[in-house]
Amino acid sequence: MSDDSWSVAGHTFKSRLIVGTGKYKDYAQNAAAVKAAGAEIVTVAVRRVNLTDTSAPMLTDYIDPKEYCFLPNTAGCFNAEEAVRTLRLAREAGGWTLVKLEVLGEARTLYPDMVETLKATEILVKEGFQPMVYCSDDPIMAKRLEDAGAVAIMPLGAPIGSGLGLQNPVMLRLIVEAANVPVLVDAGVGTASDAAVALELGCDAVLMNTAIAEAKNPVLMAQAMKSAVEAGRMAYLAGRMGKRMYADPSSPLAGLI
């Protein structure tokens, strides 16, 4: 495909695969996976990744923020106040305003607390941030986030780190159909076919971390994910055949001996 870019908050990207920066053996492996994935955006947990302590290994020594768009996230935050404070620190440290917001409800499921998420979204927008928001696969709540100023909606495919794949494709499709901002599947992808399905549903992109980082060969899996995302997008643009209850022969018999 010649030009099939997508845009969020005025930023344009060619790659529809966003890669995380956690759970890798080391920063070198993380950097190799990011390169193999062809990613342009990497998401960074502000509370867990070293971005400022020069006496210790730093992510920026391996993944150059001048070459990649760093997307600070609020992983580990369980209320709006924590999340907003974390992103204020990120802006002070690196000037970032395009951010990924996630406010978790509990440690067992890491399911989003949508009341706190909406509250944090409203605060961040007022403070000049451009939040891409992790959320439940609820079309009504997704619309409320968009109305509150979210620049992208990021419904989960399944619980974070579960690798269960897309559990509710119907709701994801409803979110896509109603949205006027990009929709990205965030969380739950386990293998390449999951990523392909996300794009086949019409999602603009997909974000993943564990599916690559915990693969037996993370760099090879990153390559697989890149191909899957591209294939899924092409299939969506091509338009799949309709589903039928009964068979329809590929080779008609009319006119044959």
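Including glycine, each Cβ sits where the backbone N, Cα and C put it.
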**OP:** Given that Swiss-Prot annotates ALA187, GLY188, ASN209, THR210 as 1-deoxy-D-xylulose 5-phosphate-binding, name the residue from GLY161, GLY232, GLY239 that shares the site.
**Re:** GLY161
**OP:** Give the distance between the Cα atoms of LYS100 (active site, schiff-base intermediate with DXP) and THR210 (1-deoxy-D-xylulose 5-phosphate binding site), rounded to the nearest whole Å.
**Re:** 17
Original post:
In this structure, which of the binding-site residues GLY161, GLY188 has the fewest other Cβ atoms within 10 Å of its Cβ?
Top reply: GLY161
**OP:** Sort THR210 (1-deoxy-D-xylulose 5-phosphate binding site) into helix, strand or coil using the DSSP assignment.
**Re:** helix
